[in-house]
Amino acid sequence: MEKSMNSTTLARTKSEQLVIETQAAATQTSKSPTMQNEDAPITSESMGTLSRKSSQRMVVGASPGRSSGGNKNNSHIRKARSAQVKLDVEELSNGAALSRASSASLGLSFSFTGFTVPPDGITDSKPFSDDDIPEDIEAGTCKPKFQTEPTLPIYLKFSDVTYKVITKGMTTSEERDILNGITGAVSPGEVLALMGPSGSGKTTLLNLLGGRLIQSTVGGSVTYNDQPYSKFLKSKIGFVTQDDVLFPHLTVKETLTYTARLRLSKALSRQQKEKRAIDVIYELGLERCQDTMIGGSFVRGVSGGERKRVCIGNEIIINPSLLFLDEPTSGLDSTTALKTVQTLQNIAEAGKTVITTIHQPSSRLFHKFDKLVLLGKGSSLYFGRASEAMAYFSSIGCSPLIAMNPAEFLLDLANGNINDISVPSELEDKVQMGNSETETRNEKPPPAVVHEYLVEAYESRVAENEKKKLMTPLPLDDEIKLKVFSSKREWGASWWQQYCILFCRGIKERRHDYFSWLRITQVLSTAIILGLLWWQSDSKSTRGRQDQAGLLFFIAVFWGFFPVFTAIFTFPQERAMLSKERAADMYRLSAYFLARTTSDLPLDLILPVLFLLVVYFMAGLRLSAGRFFLSMLTVFLCIIAAQGLGLAIGATLMDLKRATTLASVTVMTFMLAGGYFVKKVPVFISWIRYMSFNYHIYKLLLKVQYQDITPPVNGIKTDNGLWEVGALVAMIFGYRVLAYLSLRRMQLHRGA
């Protein structure tokens, strides 16, 4: 007992001594010449004009061990203090005193009282950021800064933006307003937050500002450096979707490297592009997981925060002028969300314009935004500085009655919920009038009335002034303005380079699925069962050839059925990725389609080789090298033709349920008309067998095995089979052309 009391006293004494020394060092540092006008009083105006970036430099400059001139001295001071406060394990039992002393040494006090806390009081305090971890300071390591190379500054303005959706019913069509006259602006170096409850139009507004909505249903004006949207901006815009659209089997490094090779300028070499990918990995703090797979629903990979940072890295790797993010903090804990928004803040400070939607942020996260657009039911309730939002709503009579997170307060207002919120006198008058339609049981106005009041207040107090500001032309050179208006697309790689990159990426991504134990077991077990059933069958007798004809027909059916239902999933599963990458102009659709279809071939042709090696020799088919390789070539033709049918069905329907149903009916019809079950097909339906690849493959396999044997098996003529080969080649190219045209139609329909 006595020993614990002594250790506690010792800890408290050393902690208090550390506090005194730290405060003295901070006082001396604060008097350095870098702090200008230190004796001048700090007013609210000066606090408002002080940028976040300069405040961060002040905090860093006041931190011991951060100045460039005193690194050695500060490191000796830290080591001396570390030795002074080094306690035994037993003496650390009372950590409360030490934690209190550490808090006091930082000179901070978090007596949070809700909405009255000024934003600069709880924003980027460097002692709480990831960059100030003591281990990093002691090791002398620090994360590289975000890209500081010159980028085209883009000032985004939007005035009276409207958007309508036409809902088509069975007999009538209905128009629904999604956005009603939204106005705002954001400049380089700022972070604009679009906030509002679910269904308020945040994502729609973000897509509209990013040029990802069909312009025919958009009203108002959206300008970039006072110029309308052009295809050139695709190479200057980064867009992070709400869902993390990534390939699960690629590592973090591979994902960013492929993006860099596809999107960066042709003027850069491959080594320079790969170096940019590595730089982004270190900028985002992903170096520890760079060789880890992204992962997905059935594949273990990186964490949610790391996956979100990879998505951000995919966009900032091109050094964009505009960065759009759709709810980047969804599904993340508060600490990870704060780190993510801190990343966005650092990106903005590098001269980029950042616009993000946000849903229910924490109080610390809310104060990191420069500007705020508050939406409610598609209407604008506030636009301006995020730090001035509470003052604005207080001026119209809406103030929180208890200590409350500013974001929660604003979302309650946007929802029309005024519990624990003061009611403006105008709304009180409506309640006291005794109107049964507006009066509620607790004498609170209903949400619809609150929403109407907020919209009217914004229109009368803020909207007109903001619209006048937007009418003022930007003080920019004409050259910068005309750069935005260029209609020329900028491809990061040539067509052949795009094809090669996508081909390699496709093989790396899908090799895990193709060579899974489940698929290998399925093919080999089927081959072994067939070999045992037709074990060393006799090809010399008529009866034996009839049995082998059944085996050959099953091979034609199996390798016609298997690739169809594998290829069906190709485009529907990659639709989100295709839409995302095509919207960013990463590659041409033709390069993607050819790479996607040809990268499957090396993988698709390995398992059939194993299958035939087992079946051919176990079943006792005719032992001849020529016949064996011709049989394998015939199976390859079957696989490629069947794969084309699956690609066409999947690309045309883009719905797995409907595509699977249609493929089942089609494959069953082709199998029945394949020439084995029905020898004489009625004339009015006989044309189906000529469209069936099963029919042509079955005839080719019979001709390969029994070309010089009479009488012919099942009455099939034993000619050279050129007609069947020509029909299969026509199917191979015809189905793929249909699939490509279907993808092209989908892209045009989506406005990409």
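Note that the numbers count up from 1, one per residue, in the order the chain is shown.
Just so it is clear, glycine is given a Cβ too, placed from its N, Cα and C backbone atoms.
Here's what TrEMBL has on this protein:
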type	residues	note
COMPBIAS	1-12	compositional bias 'Polar residues'
COMPBIAS	24-57	compositional bias 'Polar residues'
COMPBIAS	65-74	compositional bias 'Polar residues'
DOMAIN	156-402	domain 'ABC transporter'
REGION	1-82	region 'Disordered'
TRANSMEM	514-537	transmembrane segment
TRANSMEM	549-571	transmembrane segment
TRANSMEM	601-621	transmembrane segment
TRANSMEM	628-653	transmembrane segment
TRANSMEM	659-677	transmembrane segment
TRANSMEM	722-743	transmembrane segment
Recorded stretch that, among 514-537, 549-571, 628-653, has the most CB pairs under 8 Å to the transmembrane segment (601-621): 514-537
Contact call for the transmembrane segment (628-653) and the transmembrane segment (722-743): at least 3 Cβ pairs under 8 Å, seq gap 6+: yes
Folded-back contacts onto the transmembrane segment (722-743), same chain, C-beta under 8 angstroms, at least six residues removed: 571, 578, 589-590, 593, 597, 637-638, 640-641, 644-645, 647-648, 650-652, 690, 693, 696-697, 699-700, 703
Same-chain residue ranges lying at least 6 outside the transmembrane segment (549-571) that approach it to Cβ under 8 Å: 526, 530, 534, 537, 578, 596, 600, 604, 608, 611, 615, 619, 635, 638-639, 641-647, 649-651, 654, 656, 659-660, 663, 666-667, 670-671, 674, 676, 693-694, 697-698, 701-702, 705, 713-714, 739, 743
Outside the transmembrane segment (659-677), six or more residues from its ends: residues with CB under 8 Å to it: 549-550, 553, 556-557, 560-561, 564-565, 568, 572, 645-646, 649-650, 653, 685, 688-689, 691-695, 698-699, 714, 716
